[in-house]
Amino acid sequence: MRSKVTGAKRWVVKIGSALLTADGKGLDRGAMAVWVEQMVALREAGVELVLVSSGAVAAGMSQLGWTTRPSAMNELQAAASLGQMRLVQAWESSFGEHGKHTAQILLTHDDLSDRKRYLNARSTLRTLVDLGVVPVINENDTVVTDEIRFGDNDTLAALVANLVEADLLVILTDRDGMFDADPRNNPEAQLIYEARADDPSLDAVAGGTGGALGRGGMQTKLRAARLAARSGAHTIIIGGRIERVLDRLKAGERLGTLLSPERGMLAARKQWLAGHLQTRGTLVLDAGAVQALRQANKSLLPVGVKTVQGSFRRGEMVVCVGPDGIEVARGLANYSALEAQKIIGQPSDAIESILGYSAEPELVHRDNLVLV
């Protein structure tokens, strides 16, 4: 089972507030430096990495001399605004010592619920990762409201794992993993090393709330693992203060709690595509494109499309039919119907000259395509 960790090519690492602060007295630069050293080693080993970092509110509280996390939204947002600057500067400085750059991305629930903004965020993250930059993601606490907040960065990290199609979500916390009883009260409590994310028995042992500086307890981490599992990602809940924790995970050590999805990534994603989205338009393909989809598992390129029917936006589901009108596949369009009308029948390298930009070389990528 741990081969799923050692073989994972794309990690989302989430670090909680309790780990990032020095007893509530500002950011723990020493601890951050140790994690950065390990994350740089992961990058150099070929692992694509996205960091979800808590700590903005906690850092701001320290600057303001507050010892208790405020409940008023305006005070939380003020602390986040002050602390976010220091948090990002600390990450950039630490990664910079190893010749790596970071990029700040602040998200709200609206960014991931709106399909167009979701696709734009995914495209930006993929580009940053391809460039060797480490994206540092946090919730945009300064502008978010109760109605649209993620609630905790565990949930945000799971949604980011879905967004970037990560193989592995690593949630670093102040506990060594999930136990079959509360280890703070029961010295006989045993660490749960491996389980299915959807195992209902886990709910009984995941009680409890977050600490003074954060919002997420073990129950939120379990929910995050289940959310990540929807796209086929594995989740490890593990103690962030374990020595060389990321190095040892990569080496295959049996640490923390590994929660596995029911299905593999591609199977989970394609089941979701097949059953959960309403179709908005139709693409009529030529015989060559039909053969490429059915026999070679290829993406659908504009050159293989003869006509566009219906009205759809980027990211919406379209039906792909052959010259005989029989449905071949369905998938998510990378371009709107109006844009698709302009580029069909054309080679992919002509997209930019026709539209003035190029979002993707494919009209529908094979990972977003389900054969029927």
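Using the three backbone atoms N, Cα and C, a Cβ is placed for every residue, glycine included.
Among the candidates Lys9, Lys14, Lys342, the residue that Swiss-Prot names alongside Thr173, Asp174 for the ATP site is Lys14. Binding of substrate is attributed by Swiss-Prot to Asp141, Asn153, and within the candidate set Ser53, Ser54, Ser260 the record adds Ser54 to that site. Across the structure, Asp174 (ATP binding site) and Asp141 (substrate binding site) are spaced 23 Å apart at their Cα atoms. Separating the Cα atoms of Asn153 (substrate binding site) and Lys14 (ATP binding site) is a whole-number distance of 8 Å.
Under a cutoff of 8 A between CB atoms, and with a sequence separation of 6+ in the same chain, the neighbours of Thr173 (ATP binding site) are Gly16, Ala18, Leu19, Lys221, Ile237, Ile238, Gly239, Gly240.
This prediction places the mean pLDDT of the domain 'PUA' (280-358) at 95. Ranked by how many other Cβ atoms sit within 10 Å of their Cβ, the binding-site residues Asp141, Asp174 place Asp174 at the bottom.
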